Amino acid sequence: MALVAGVDSSTQSCKVVVRDADTGALVRTGRASHPDGTEIHPRHWWDALESAVRDAGGLDDVEAVAVGGQQHGMVALDADGEVVRDALLWNDTRSAPAAADLIAELGAEAPDGDGARAWAEAIGSVPVASLTVTKLRWLRDEEPDAAARVAAVALPHDWLTWRLAGHGPGSGGLDALTTDRSDASGTGYWSPFTEDYRRDLLERALGHDAALPRVVPAHEVAARAAGGGLLRAGTLLGPGAGDNAAAALGLGMVAGDVAISIGTSGVVSAVSATPTADGSGLVTGFADATGAYLPLACTLNASRVLDAAARMLGVDHAGLSALALSAPAGADGLVLVPYLEGERTPNKPDATGALHGMRLANTTPAHLARAAVEGMLCALADGLDALRAQGVPVERLFLIGGGAQSEAVRALAPAVLGAPVTVPTPGEYVADGAARQAAWVRAASDQPPTWTAAGQAEVREADPTPQVRARYAEARDLTVPRP
Ligand SMILES: Nc1ncnc2c1ncn2[C@@H]1O[C@H](COP(=O)(O)OP(=O)(O)O)[C@@H](O)[C@H]1O
Ligand SMILES: O=C(CO)[C@@H](O)[C@H](O)COP(=O)(O)O
């Protein structure tokens, strides 16, 4: 049996799956946690990958590996391949003013003065604090000495792939950095329309040019491991992918399919045959990991809203779910606006969360639990509307991510989203998609393997609750800024 492995280096943890390259059968898995925080030295991802690989029984017997990872994180390297400073992650909002500056600058040069539209037409997305390009501008403005030392910029999955190949701090080898089109499309300096880097935008942000990872097509070998590390010499490395594109590959999503992922981020992403350019900024026009596109709306507040609600109520996730399901739809008017980490969609980096509509009758643990689940889902339903407004086909909704393990989320998602929801068996779909890419690379085929990781799925239906969304819409803009 030939084996392949997939890695998901996500915000909170690193997961490894080992699968049969020919059938996709799951052979073994491993996992390790990442430290908390929105600014992290990449060595922690490497340490967690080493632990997760050990937990998975090693990768000595594996023929090909690919890495999926959290998108957008700024990994700045100097000429020796040393990390210049801690990576700013996708959910770090300090570069929000830099995003505004970049939009204003393109606006000043655009015939109609519309900088947001100019960016959407250039790279498919309007910059927000999450995108790498804004983090580079922040670096240029706030840490100019560090910015001057930047010789290459990579993303989390690029850096891990490079390290798996045998490169590392002090080894140089910047020209060996690789990436794929899905993750490149989230940088803010790669165009899904021309499939090329926009070095002018990189230079505009950072203040000078820098080496960028080579964009490797999904089914091509990105590198061969040198050996002596986690992999046997000669192990094939796929180009990897951004986590959302990897999940789409793992699920075998096709045009019309939409994934609702409830992890640290809340993501509504759809496979589309055509790229999007949403000047409103609600939908980012990313590429997928097969050659199609992955328009996506992403919130900063999803599973951690449930974590926070459970903490406030002194219960575990099962307890929170039971409480939420014991309260009526709409929580008798109690609305939780979930901007606990600021927000990206809509773009409110300085916002805070809020509880609205409190009355003696609805201030119970059950009502609060219900409001937390509904508020988090309403923000995702807004994202789904934004995708539809871009003409993206929406036919089948998949519910995935750690938060999909909550029965309340599974039960209320179809009601709030107003459509049936397909819930695949809980699994590591990002790592699975990376494993599927590894099998694709190993087979040297122009089509991905016929197997997917979707397995058994349950379709959940519920009567739509548009009144819940209407009430949320009244409340969602009523928040105070961060102190
Ligand atoms: N049964 C559950 N109910 C609700 N949330 C859960 C449950 N199990 C795990 N989670 C949450 O899911 C999150 C981890 O999901 P994951 O998709 O791995 O996140 P990420 O990809 O951002 O690292 C954590 O916030 C965790 O608390
Ligand atoms: O920023 C985005 C997508 O644009 C996020 O989806 C990140 O890619 C992090 O994902 P998780 O770790 O929450 O799965």
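In case you wondered, yes, glycine gets a Cβ from its N, Cα and C as well.
TrEMBL labels come from automatic prediction, so no person has curated them.
What TrEMBL records for this protein:
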type     : residues     : note
ACT_SITE : Asp243       : active site, proton acceptor
BINDING  : Gln71, His72 : substrate binding site
COMPBIAS : 471-483      : compositional bias 'Basic and acidic residues'
DOMAIN   : 4-250        : domain 'Carbohydrate kinase FGGY N-terminal'
DOMAIN   : 259-440      : domain 'Carbohydrate kinase FGGY C-terminal'
REGION   : 445-483      : region 'Disordered'
SITE     : Asp8         : site 'Important for activity'
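On the structure: features taken from TrEMBL.
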residue : record                        : Cβ contacts under 8 Å, 6 or more apart
Asp8    : site 'Important for activity' : Cys14, Lys15, Gly68, Gly69, Asp243, Ala246, Glu428, Val430, Ala431, Ala434
Gln71   : substrate binding site        : Trp90, Ser130, Leu155, Pro156, Asp183, Gly186, Gly242, Asp243, Asn244
His72   : substrate binding site        : Leu89, Trp90, Ser130, Leu131, Thr132, Lys135, Leu155, Gly186, Thr187
- Could you tally the C-beta atoms, other than its own, that fall within 10 angstroms of the C-beta of the residue listed as 'active site, proton acceptor'? 33
- Message: Helix, strand or coil for Asp8 (site 'Important for activity')? Use DSSP.
- Response: strand
- Item | recorded positions near ligand 2 among Asp8, Gln71, His72, Asp243 (Cβ under 6 Å) | Gln71, His72, Asp243
- What DSSP reports for the region 'Disordered' (445-483) is 10 helix, 5 strand, 24 coil
- For the domain 'Carbohydrate kinase FGGY C-terminal' (259-440), provide the mean pLDDT of the predicted model. 98
